[in-house]
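As given in TrEMBL:
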| type | residues | note |
| --- | --- | --- |
| SIGNAL | 1-16 | signal peptide |
| DOMAIN | 145-379 | domain 'Peptidase S8/S53' |
| ACT_SITE | 154 | active site, charge relay system |
| ACT_SITE | 186 | active site, charge relay system |
| ACT_SITE | 347 | active site, charge relay system |
């Protein structure tokens with residue numbers, strides 16, 4: 001996916017990230033392996049058995065662990081491939097693969113006496129509550145997502161942004177050697193679209209920062225898996241089943257481990273929304289856009305066309321669930337209070353649907369799992385207005401259903 005290049009093209013020169021040589025998507029991280037084990041297995045026992053079998057002087061230790069119910073369990077090991085092949089022969093080991101670099105790269109309508117309206121709203125908000133084009137008002141139920149939480153698995157969040165209203169919190173950091181806060185801006189921009197007062201869809205929802213992208217907006221698959229596992233466990237800690245949303249404005253080439261992790265989390269209480277990607281290709285080639293339990297979001301421009309850009313554009317195809325504005329989406333950066341810029345990409349479309357999912361989750365009292373919430377969003381969507389949606393795409397534009 002071309003998330004990284006697309007973002008840099010849209011950032012003003014004064015705010016552009018330092019010049020770097022980005023790793024290629026799917027580039028292997030040398031000597032680092034992701035090992036999937038049976039859900040009933042004990043990871044320490046697996047490592048101890050392998051240590052004994054190999055007669056190692058030092059016990060094998062997992063660098064990271066993932067435990068997303070009995071549907072997906074695994075760990076990361078730093079070792080040579082010959083050792084991992086021996087480990088793979090153990091009966092509790094289901095699969096292994098090298099760690100790789102990834103990129104940032106879906107009730108009833110509310111009673112109208114409880115409607116609030118934001119006048120002069122950004123176009124991505126106005127489009128969400130109005131089926132005819134041209135409105136500059138964003139109307140929404142007064143609950144505004146209060147009582148829901150959105151996990152933003154991204155480059156971090158500048159939680160001190162005043163317009164976040166104290167509703168953004170640091171959760172976990174899986175990027176070695178970097179602070180938990182945002183040093184790129186991508187995650188802060190995403191959070192702003194989800195829950196800020198000015199640009200947010202769910203204006204009273206909470207956002208939790210799970211940092212998995214570094215200051216160059218890149219991350220390793222193992223960090224992503226750890227982030228999903230952390231969000232899943234934190235949902236159990238809070239008890240907010242059906243009220244917890246995971247936003248994935250990131251991804252990479254199709255990957256079985258990534259899909260297994262998000263599918264397991266989606267089947268067990270987390271509502272998961274992901275960007276379709278920006279390569280102007282069939283999204284079935286992309287993870288997690290081809291995962292069954294994830295709501296996949298494509299992007300449109302102000303003319304209700306699937307957005308296209310030089311060398312790319314919103315991905316398309318039957319893996320998508322819904323479109324939402326994704327071009328020139330204004331939200332906050334990490335560089336100072338009130339600093340906001342327009343960026344383009346499905347990375348900035350997905351958080352609108354994550355905000356919508358958290359908003360709707362409150363209205364249905366947390367009764368929907370990930371798949372049912374996505375179906376509900378599709379049921380509320382406006383049919384047939386996307387121009388050039390792409391072969392196999394659903395012609396659905398997300399709507400909050402406030403006016404039926």
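In case you wondered, yes, glycine gets a Cβ from its N, Cα and C as well.
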Please report the DSSP secondary structure of residue 347 (active site, charge relay system), reduced to three states.
coil
Helix, strand or coil: which one is residue 186 (active site, charge relay system) in, per DSSP?
helix
Between the C-alpha atoms of residue 347 (active site, charge relay system) and residue 186 (active site, charge relay system), the distance in angstrom, to the nearest integer, is 9
Please report the Cα separation of residue 186 (active site, charge relay system) and residue 154 (active site, charge relay system) in Å, rounded to an integer.
7
Tell me, how many other CB atoms lie within 10 A of the CB of residue 347 (active site, charge relay system), whichever protein chain they belong to?
36
All chains considered, the count of other Cβ atoms within 10 Å of the Cβ of residue 186 (active site, charge relay system) is 30
